[in-house]
Each structure stands twice: as structure tokens, then as C-alpha cells.
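The block underneath contains the structure these notes are about, expressed in C-alpha cells.
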Amino acid sequence: MGDKEGDTFDEAVEERVINEEYKIWKKNTPFLYDLVMTHALEWPSLTAQWLPDVTRPEGKEYSIHRLILGTHTSDEQNHLLIASVQLPNEDAQFDSSHYDGEKQEYGGFGSVSGKIEIEIKINHEGEVNRARYMPQNPCVIATKTPSSDVLVFDYTKHPSKPDPNGECQPDLRLRGHQKEGYGLSWNPNLNGYLLSASDDHTICLWDINATPKEHRVVEAKTIFTGHTAVVEDVAWHLLHESLFGSVADDQKLMIWDTRANNTSKPSHTVDAHTAEVNCLSFNPYSEFILATGSADKTVALWDLRNLKLKLHSFESHKDEIFQVQWSPHNETILASSGTDRRLHVWDLSKIGEEQSPEDADDGPPELLVI
């Protein structure tokens with residue numbers, strides 16, 4: 001069998017395994033969750049973020065939430081999307097024994113998959129690598145493109161249906177990078193301060209309140225050059241307006257202070273993992289705690305007061321980790337996901353608990369749910 005045939009055979013086997021696993025998971029959803037909604041998008045989305053607003057229509061059993069998505073098309077026009085999602089209220093009555101054979105879903109909340117609608121489509125240059133709203137004004141959304149530019153849109157200034165000529169008209173165009181990237185973070189304490197991470201090994205900082213030049217262009221206020229490889233992610237500290245963290249393919253976590261005059265030397269550099277570091281997240285309840293996720297298949301826990309020592313390593317993923325995020329509701333709960341198609345939910349308070357051998361086979365005590 002030639003290499004190509006072997007590859008095709010392997011891919012077919014993997015596809016079958018993926019489909020089989022998905023079917024088993026779908027069949028067991030009523031035992032695992034209170035509610036599951038599935039919705040097929042027209043194109044894959046590389047980004048997703050809940051908007052903070054919630055509408056509660058009077059006399060209805062649901063509330064309306066909104067979601068930022070993007071498209072990743074095959075050479076067709078790309079869009080930045082705002083979707084509305086109807087989620088049942090906590091006291092809504094479902095009949096979990098009701099099984100919809102066509103959708104392979106349990107639950108009696110009407111036809112659940114009809115509850116997600118695309119409300120706004122804005123023309124975008126290439127796929128949307130990442131999109132994030134500004135906390136001080138959630139109508140303002142920054143996006144990462146396949147070019148080096150970062151775009152800023154105020155979606156209230158754009159029609160809900162895009163111009164058919166496909167022209168992308170951002171409200172601002174942020175310049176400073178040489179290549180594309182994924183990391184993007186708005187400062188929660190300083191209105192209009194935006195950080196971006198790039199494949200060009202740098203981090204750019206913009207103040208979008210600065211006066212734009214011609215064609216609505218804003219140049220970077222500061223460029224940070226400490227990493228020696230692709231910078232995968234960047235995040236502002238949630239309480240300290242001048243502190244941020246970055247992670248990169250050089251396997252390092254760096255902590256920066258914008259008050260320092262040195263843009264090539266961070267305040268702290270940590271050899272965080274044994275492979276590329278893809279993501280980081282600061283704990284919203286504990287100002288010293290953060291987590292990083294890596295291609296070495298682990299999530300690491302850190303304390304800013306002593307970065308020489310890794311607090312803990314969460315080990316259960318079978319492949320690279322690309323997302324890590326703290327719960328906004330509970331300070332000890334953390335979620336991670338990656339290319340093993342699994343989302344793991346961890347509870348720090350269970351680290352070190354005793355386990356029976358059967359439980360240990362399922363994973364460490366701090367692993368809550370897969």
C-alpha cells in the first residue's frame with residue numbers, strides 16, 4: 001500500500017471512530033446534561049464569545065442571549081456574525097423523556113435547534129481568526145484577520161445584512177504586526193486598550209481612542225518583542241490595568257508591565273511547558289492565580305507571587321490544548337479543550353483527594369467532567 005493510500009485509510013478509520021464516539025455521546029446527553037442544543041452553521045467558526053447582554057421577554061419560558069461568531073469559508077465572502085440564542089429559563093419545564101428522532105435530541109423545549117439565529121452579518125477580510133468585544137462598550141468588536149491588520153467594528157454602525165459587493169469597511173484598522181495571529185485581549189480597566197499576539201513573535205498594544213490617520217488607520221502605541229517564536233495568546237490581568245501575560249511557541253510564559261520602559265524584557269519569564277504554549281487565562285476571583293495550556297497536553301497552574309514553582313499540572317488530555325478558561329461563577333473551576341475533541345472541566349479544590357482504583361482509571365480527582 002502506497003503512502004497516500006495508507007494515509008487515506010487511516011483518515012477513514014479516524015473519521016469512523018470520531019462519528020462513533022459522537023453518536024455514543026449524543027445518545028447519553030440526557031444523563032449528562034440538563035440541556036443540549038445543536039445548531040449547524042453554514043461555515044465553520046474559529047471563534048465564539050458570549051455577549052454580556054440578556055433579554056427576558058415577558059411571559060416566555062426563555063431568555064435571549066447573543067453570541068459573536070465568525071466564518072472560515074472556502075474562498076467565499078467571510079463575515080463577522082452576531083447570533084441570538086434562546087435559552088430556557090431555569091424554571092422552564094422540559095420533558096426529558098421526549099426524544100426527537102430526526103434531531104437525535106432529548107428534551108421538550110420546542111424544537112431546540114430552531115432557537116439559534118444569525119442576526120447580523122458584517123463583511124470581513126478573510127476568515128475571522130478571533131473576535132472579542134470591548135468590555136466598556138460591547139457593540140465594539142475587534143477581529144484578527146489572515147493579514148497582519150486587526151480590525152475594529154462598531155456593529156451598530158453597520159447594516160444587519162452585508163453589502164453584496166463584499167467590501168469590508170471596518171471602523172478602524174489597527175497596524176503594527178507583520179503577520180497574522182490569534183491572541184486578542186481588551187483591557188477590562190482601561191477603555192480602548194487592546195493587545196494582540198502574532199506569528200511575527202510580537203505583541204502590539206493600541207489605544208483605539210487615539211486619532212486615526214488616513215483610511216481610519218491607528219498605529220500601535222507599543223510593540224513588545226520579548227518572545228523568540230510565534231506568540232499564541234495574550235491576556236490582560238483582570239484587576240491591574242498595567243499587567244498582562246503572553247505565551248508562545250518558545251514554551252515560555254511572560255508577564256509584562258506597561259509602566260516599565262523596556263519593551264523587549266518582560267517583568268517575569270517562565271519556562272512554562274515542554275512544548276508550545278497555546279493559551280492562558282487569569283482567575284477572575286484570585287488576583288495571583290493563572291492557568292496556561294500547551295501542546296504538551298497539560299494545563300499548568302501558576303501563582304504570580306512565585307513563578308519559579310508550577311503549582312499544579314492537570315494531566316488527562318490526549319492531545320494539544322488550545323483553550324483554557326476559568327468559570328465566571330466559581331473560583332476553583334477551570335475548563336480546557338483541544339485537538340482531542342474533548343472539553344475537560346477541572347476543580348482545583350479536589351486536587352490531592354484520595355481515590356478508589358476504579359475512579360483513578362477515569363482520571364485524576366480534580367477532573368470533574370469530560
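Yeah, the Cβs are placed from backbone N, Cα and C, and that goes for glycine too.
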Stretch carrying region 'Disordered' according to TrEMBL (options 56-76, 98-118, 350-370): 350-370
The repeat 'WD' (174-216): DSSP-derived helix, strand, coil residue counts: 3 helix, 15 strand, 25 coil
